[in-house]
């Protein structure tokens, strides 16, 4: 009996129909960028100083007292003293301890041509934690939404999930532009996270389900590369529009056009078959053949699933840790998802508080994601998964250490080292996405990916506090934390089994035998084909 993949070989595995679907979904992947890394520009932290009437240059005169006065002001009645107005601090040199400090009652002065959440709501000093909470809220939304939206995609279909999450994301994005309070901004940011990651994941699933098996992994990697293209576009728009509310509106309005996908995007035929909607699935396959200018075999009239082994297994969380190999895989994958998120988002956030040109630094670090994707494509089927993945984590960790140790006056070298770290963690992030699916048996594969990848969102919740709090102790201290996490992740990956050339496991026993035996024989799912008399 032929499988659906066999039918795709007849009607086209990656022809015009699939290329059109791939292109429109890559646009969706690129549009996810502002939600995931928007804090870099929406929450940009400019140089600032406590405002003291009549003493405009108070925080610019010296590093010690000057930096202290960013959050406190000197309690001096300048008009009642003989201090010169042209050089108010000059006469106080050597006598700083005698000058009392008080809170900033008159606000702050920001050295920035634009606006951000920080400048609008004064998220500095005692309120600086609110910027951390702003980014953590969207990752909390990712965490909850990835579970709920994943259920919707499996229950009601990929296309239904995409369209509804797109609509919700557009509504939240537009409301963000107009709400006047910090609290409502955080709530709407959380709601955006609730729907956005599920939307991106549904697109990833759909694009891999409409192509043939030979192209599935490459298409999945390129779908993630489209996100990197979105980084470049977002950087250019942010440079042209330095005001965060106008920037939010500009990146949200184009998403309205994604609602047109109702007419140009197909439902996944695999999902339709799994739901017993065989007529609709065959209609899409017929449209696929017509679009690809291929002839649909006349003998295909109906499709149903038949399994070699009629027994079904119910997924359980306990199955993820019940046996030794499954337990080891689960914990190592969970840690790598966590580390990939912390290093990827952390490097982006740390760049936002660095001393260089934020837009150029963002551009350089985004460009290195493209060679990362091509290195993966070139090595995974030649070298394998395990060693390139381990090397990527080790390179990311080592690059973070080198970046921290390079002096500030050699800033160009720090940027190069940071970009190498960004390339390494991008490779690691993209590899954990598909290796995770190769290490779990079929009946528990979706649950395994969902549970392990949830640690990615936990890392996203924690990383703003790691970056923004530790930089107050030492600017490069977050990089030391990233180094430790990355090196441990690289070492742990070596203990995972190599999946190159192995069929996907179908049972827990297949997973347990991965190390010692030849590739397990997979249970096949067939398409029952009824031929006309």
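Just so you know, glycine gets a Cβ as well, placed from its N, Cα and C.
Curation does not apply to TrEMBL; its annotations are automatic.
Some features that TrEMBL has for this protein:
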type     : residues : note
TRANSMEM : 21-45    : transmembrane segment
DOMAIN   : 83-501   : domain 'Major facilitator superfamily (MFS) profile'
TRANSMEM : 133-153  : transmembrane segment
TRANSMEM : 160-179  : transmembrane segment
TRANSMEM : 185-207  : transmembrane segment
TRANSMEM : 219-240  : transmembrane segment
TRANSMEM : 246-265  : transmembrane segment
TRANSMEM : 332-356  : transmembrane segment
TRANSMEM : 362-380  : transmembrane segment
TRANSMEM : 387-406  : transmembrane segment
TRANSMEM : 412-435  : transmembrane segment
TRANSMEM : 447-471  : transmembrane segment
TRANSMEM : 477-496  : transmembrane segment
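Here the transmembrane segment (362-380) has long-range neighbours at 40, 217-218, 221-222, 224-225, 228, 231-232, 235, 347-348, 351, 388, 392, 415, 418-420, 422-424, 426-427, 430-431, 500, meaning same-chain residues at least 6 beyond its ends whose C-beta is under 8 angstroms from one of its own. With a cut-off of 8 Å on Cβ pairs spaced 6 or more residues apart, the transmembrane segment (219-240) and the transmembrane segment (412-435) reach 3 or more such pairs and are scored as touching. Long-range neighbours of the transmembrane segment (332-356) within the same chain, counting only residues 6 or more positions beyond its ends whose Cβ lies under 8 Å from a Cβ of the stretch, are 36-37, 39-40, 43-45, 135, 362, 365, 393, 396-397, 400, 408, 411, 415, 418, 421-422, 425-426, 428-429, 432, 435-436, 439, 448, 451-460, 462-464, 466-468, 471, 475, 478-479, 482, 485-486, 488-489, 492-493, 495-496. Listed stretches 160-179, 387-406, 447-471, 477-496 were compared with the transmembrane segment (246-265); the greatest number of C-beta pairs under 8 angstroms is found for 160-179.
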